[in-house]
Amino acid sequence: MVQLKLALHNLVKSKNQSLPFIFSNSIWVTITYIFLSMIYNTNIKTNSYGAVANYILKLGLIFIILIAALSTFYAERLLSKQRTQELGLYSMLGLTRRHLKQIVLLENSLFYMICIIIGSVAGITFSKLAFMSLESLLGTTSLHQNFTLLPLIYVAAIFAGIFILIILFDFWGLKRVNPINLWAKSSQPEKEPKSHTLLAVLGIIALLIGYCISVMIKPTGAAFGQFIIAIVLVVAGSYLVFITASISLLKILKKNQNYYYKPNHFISVSNMLYRMKQNGAGLASISLLCTSILVALIASVSLVEGQNNLINLWSPVDVQIVSKAPLSTTAKQTIHKLANNYQITMSQSHMVAVTTPSMGILSGKHFKPQFNTKTEYTLSSLDLRQYNHLQNTNYHLKDNEVLMYAPGTNYLQRHISVQGRTYKVKRIKKFNGAFVYSHNIYKSIFIVAANPTIAKQLNPHSYVYAQGFNTHGTKWHQKQFANAVQNALKVDPSNFTSKYIMRDLLKAMFGSLLFMGILISIVMICATTMIVYYKQVSEGYADKHNYQIMSKIGLSQKETRKAIQSQVLTVFTLPIIGAILNLIFALPAIKSVLTIFSMYDLKILVVVSFCTISVLIISYTIIYLATTNVYRNIVSH
Amino acid sequence: MGESGAGKSTLLNIIATLDQPTSGEIMLNGTDLSHLSENESSQFRREHLGFVFQSFNLLDTFSNRDNIYLPLVLSKKPHQFMDNKLKPLSKILGIEKLLDRQPSEISGGQKQRVAIARALITDPSILLADEPTGALDSNNSEKILNVFEQINERGQTVLMVTHSVQAASYAQRTLFIKDGKIYNKLYRGDQSRNQYLQKIIDSLTALENNEEVD
Ligand SMILES: Nc1ncnc2c1ncn2[C@@H]1O[C@H](COP(=O)(O)OP(=O)(O)O)[C@@H](O)[C@H]1O
Ligand SMILES: [Mg+2]
């Protein structure tokens, strides 16, 4: 079949363009596969917080598919420009438009198959290796991978969709031009790009709306659609802004004659401007990938850092037992006996009676009991006498005043309205009787009322009794002791809290989330590195000729180096700036996700973000230096 | 001038400090060019030499104006200075209207005139041209050669490599190269272009006959 031969010929002949295309496309297939395999090939769904993990993974998947589609689309546009000339030649030689369509179809199908095969093999290998190494590193056994064909089928379908769009677009392009134009089209050299004010404004508007949505929405099940809209807007906006704004920026720089007519700027600005249409898309991809690296790293590192917070929040004392009735004397004796057995001394033993926490939401100052996907809080109450006794404080309250212990929330209202009554609120920082009822994932609020009657008005449920004490001894003994107490008293595990058991519990719980975060970060870092590398290499070959001419005219090696540095520096600082900007607007979303886990702590988030950004900038600089070397070697040899 | 493969480009490249001679030395204005460092030769090229190539070698990334400015920008000259330099030059070369277009938008003859402007804007001691008319039709070639003649009359030294007798007849002096050696020289003196053309042809015939004798 001659069409197949011609398609193959095109592919091989323009390998300078088609190889990078296959390469970058395969990376997208790989990443998409890894996301899909995490969703469908692991037991992440069934883990604790699996629903949340799944939710985040699906958002990540959509994000990746969008970037993949846009950058594939863009890269193919450039390829098809190259192809037009060949097609024009064929049509002059007598091939009909139908034949040309068949060639386009075959060529794209070839690309599709090559990319799917390479990408899937890479994806399977990578996720297998990553799972094995991370498992041995983190020691989480709660997460398993079992191979199914489902992700492969999905990845094939997703990219089939992308390629069908591309093919349709190519067909449309064929329709518009007659053979004479086809022939002339690619010999028309790339014109200096125009500034598109309208597109730039559209891009900025898309970004702003996307940012607004992401800042305002809360990560509840109901907001999934809004999150997707935000992601679509931010991705599309980033592409538009990078493509248009970078052109405008360069044009402004070029207009400024004092800046432009300096040796370094002269060469770099015009080189960049000449290639900016391709560049803009590439920079947007890099910037979005960097954003995702930052988000994934910050979220997972915060998760690790936040665990201690969470432990203190969930069990302010070493052991806390929650029960429907106060502990019997025999139970207490058993505890003391066990303490002796395990060489444990106990201190700060206490007991508080609080009303059984009821679940609900806070809207403004109103607490509304409610149990569904929107549920965020549990509320329970106790009387002031118990609190003052427990904490050794001396608070006084009027009937319409309450103390409020709500760790991990930023409740700024001065009043709270519960069960139709409004109370004046005073926030307290400490409550040793705090516990997480049934280990639910909601944030606990404890309200201290002036007397038991008001406490009942606040939350008309029966009392539960929290008895807690601190333990002192070796870590191992403390853990053994806690386990022994739980077994001996036959307390339901969900109503028994020990710091040490909690720690293990959290490790198992967040292990999978952490694992996922690290895996995503690694994948994204690899992808970014390779894309940056390929960008440098392909641009090196494109610029080689120009630098040779300039060296003949009198550009020395040293000046070449300077010009390259100036060029690459500009190109490579833009995505980082974009990524940090994106991150700033993604932080509220990260914050909300962390808040779900009661892990939000401003200080940790700020420190982690700062460190992550620094690490990213450093690694990025290293990649930049290494790839600049590659570029320079290509250009000057 | 000389046949293809005679060593014309090699000699020009050595004068241009782009190549190194295996033996002998090249002196220009009392400077020995064979012992310059990479940096020095770059600077030397920028300050003393102008280049015109057969394939124009304009940079697609620059507008025609910026292509012409390139050597001056590399020498860190102020913008006003470049502007003043370009004005008379573009008039002589007839490229005033092309300055703000891209090299890809103009014809070969026009490209070569832009390239000549780029070579002349630094007031080089010597303008080196390697078959500058090789890729042009006779009409455009003539225009280019006329330009060379004109600037030569104003005192600009031009060293042009060619294998066309027509092109050679515009020169004041012609060196013949064969097998890497200078074989013969001719001076135009007061002769008309046609007389000089005839002399070059005679000399070439002699050169070929000589070959038969060998
Ligand atoms: N003086 C010389 N001695 C030895 N080899 C030479 C000499 N001059 C030129 N050559 C060789 O002859 C070949 C052709 O030279 P070139 O300058 O490209 O010819 P032209 O430009 O006249 O067509 C080159 O490979 C070059 O190395
Ligand atoms: Mg030659």
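Yeah, the Cβs are placed from backbone N, Cα and C, and that goes for glycine too.
According to TrEMBL, the features are:
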| type | residues | note |
| --- | --- | --- |
| TRANSMEM | A:21-40 | transmembrane segment |
| TRANSMEM | A:52-75 | transmembrane segment |
| DOMAIN | A:61-176 | domain 'ABC3 transporter permease C-terminal' |
| TRANSMEM | A:110-132 | transmembrane segment |
| TRANSMEM | A:152-174 | transmembrane segment |
| TRANSMEM | A:195-217 | transmembrane segment |
| TRANSMEM | A:223-250 | transmembrane segment |
| TRANSMEM | A:281-304 | transmembrane segment |
| TRANSMEM | A:508-534 | transmembrane segment |
| TRANSMEM | A:568-590 | transmembrane segment |
| TRANSMEM | A:602-626 | transmembrane segment |
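Across the candidate stretches A:21-40, A:110-132, A:223-250, A:508-534, A:602-626, the maximum count of CB pairs under 8 A to the transmembrane segment (A:195-217) is reached by A:223-250. Long-range contacts of the transmembrane segment (A:602-626) within its own chain (CB-CB distance under 8 A, at least 6 residues past either end) are made by residues 290, 293-294, 297-298, 301-302, 305-306, 309, 525, 528-529, 532-533, 568-569, 572, 576, 579-580, 583, 587, 590-591, 594. The DSSP breakdown of the domain 'ABC3 transporter permease C-terminal' (A:61-176) into helical (H, G, I), extended (E, B) and coil residues amounts to 101 helix, 1 strand, 14 coil.
Counted over residue pairs 6 or more apart, the CB atoms of the transmembrane segment (A:568-590) and the transmembrane segment (A:223-250) come under 8 Å in at least three pairs, which marks the two as touching.
Averaged over the domain 'ABC3 transporter permease C-terminal' (A:61-176), the predicted model has a pLDDT of 84. Outside the transmembrane segment (A:223-250), and at least 6 residues removed from its termini, the chain residues within Cβ reach (under 8 Å) are 55, 58-59, 62-63, 66-67, 70, 193-197, 199-200, 202-211, 213-214, 217, 269, 272-273, 276-277, 279-281, 283-284, 287-288, 574, 578, 582, 585, 589. Remote same-chain partners of the transmembrane segment (A:281-304), defined as residues 6 or more beyond its termini with a Cβ less than 8 Å from a stretch Cβ, comprise 56, 60, 63-64, 67, 70-71, 74-75, 235, 238-239, 241-243, 246, 510, 513-514, 516-518, 520-521, 524-525, 527-528, 531-532, 535, 571, 574-576, 578-580, 582-583, 586-587, 590, 593-594, 597, 599, 604-605, 608-609, 611-613, 615-616, 620.
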